[in-house]
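Here's the structure we're looking at; comments come further down.
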Amino acid sequence: MKIDEVNFKDKTKVTVFSGMQPTSSALHLGNYLGAMGNWLKIQDLVTKNNKEEEELLNLSESSSSSSSSQSTKINEKHKLIFSIVDLHSLTSTKSLSPKELQSNTISVAINYLACGIDPEKVILFNQSMVPAHSELTWILNCITSFSKLSNMIQFKEKTKSSNEASVSNGLLSYPVLMAADILLYKATHVPVGEDQTQHLEFTRDIAQAFHSNFKSKFFPYPSIITSEQSKRIMSLQDGRLKMSKSDPLEISRISLTDTDDQIKLKIKKSKTDTIIGITYDPINRPDISNLLSIASETSGIPITDLQSEFKDKSNAIFKEFLSNSIIKNISPIREKINYYQSNPKLVRDILLQGSEKANKIANKNLNIIKDIVGLYH
């Protein structure tokens, strides 16, 4: 479903969970326009809805104490839980050093905050600070078959060029950890990209298996929230590949920490083609089509209008427009990144407070799960 299709006004509690790996020290433009854009829209929708309901209650309740009590319930009705999933990073074939992983975790938190994630409205924490994620993963691993995990598309893709002896059990059970992340908070909705939809289907399957094995219906079956982004953001050097933090070519992506000059240089060096004119044709002209998508997303101008405006203009003129459009989006984020980098204690405190809130929910649910399974605690 799309974000606008989520009924935040329904009486049923909505809990949204999503996470991002700290595989790099900075998010890129694709992250910002894709997953982060989704998160920000959800944050705005939930905040607006909670505020409207609170105002209605304040009008209808004559007792201030009663109103205060009801407002607390409203604020707890919809939960937004966003995590830096550092445990998932350990499954990467290109492992980060301990210092890199810790540094990246703080850097990604800074990027979240700079993009607009508000810790007053969202539970923001890093995954490894909530031990219940690992405990639930083990429980779910015990009801998941090897054949189901080994047939997951991403596992096959990541291991097809690897020696079997070098493939870790962590990579195999990656979907189980992801399922635990989601089910631990009884998430009802999860915003994901196209490449993660099978993992969400797996999460629903594992919830069903848990209910069947233990004769208990504890977990909701989470719904997938698909991206509102009209076009995927691809590599600046290959319009057929997704823009990625792990791409060894730095010029393939725009990082949120890039200076104006770096952005201009990367766009100047971005791959196009020899065909005259700026037209949108993802099949035959993937590179220029990708640049048009980025221009549309960052400027708010429809691709059809951009084609009309630049159809007879050179690539250089179009790239100048694109650079300025990206800079307009990124420069205020970069300023906020600099602010949080100068205040590391503030960032650590935000993660600590977020982990305390997450632990409270996670431990409560895990204890119920242990009772269902028969684990003494």
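Positions of Cβ are set from backbone N, Cα and C atoms, glycine also.
Source: prediction; values computed, not measured.
Note on Swiss-Prot: of 2-11, 22-31, 52-61, 352-361, the range annotated with the feature motif ''HIGH' region' is 22-31.
Swiss-Prot lists motif ''KMSKS' region' for one of the ranges 97-101, 162-166, 242-246, 267-271, namely 242-246.
Cβ neighbour count for Gln21 (ATP binding site): 21 (other Cβ atoms within 10 Å of its Cβ, all protein chains included). In the three-state DSSP classification, Lys242 (ATP binding site) falls within a strand. For the motif ''HIGH' region' (22-31), the DSSP counts in helix, strand and coil order read 3 helix, 1 strand, 6 coil. Each residue contributes its Cα atom, and for Gln21 (ATP binding site) and Asp181 (L-tryptophan binding site) those atoms are 13 Å apart.
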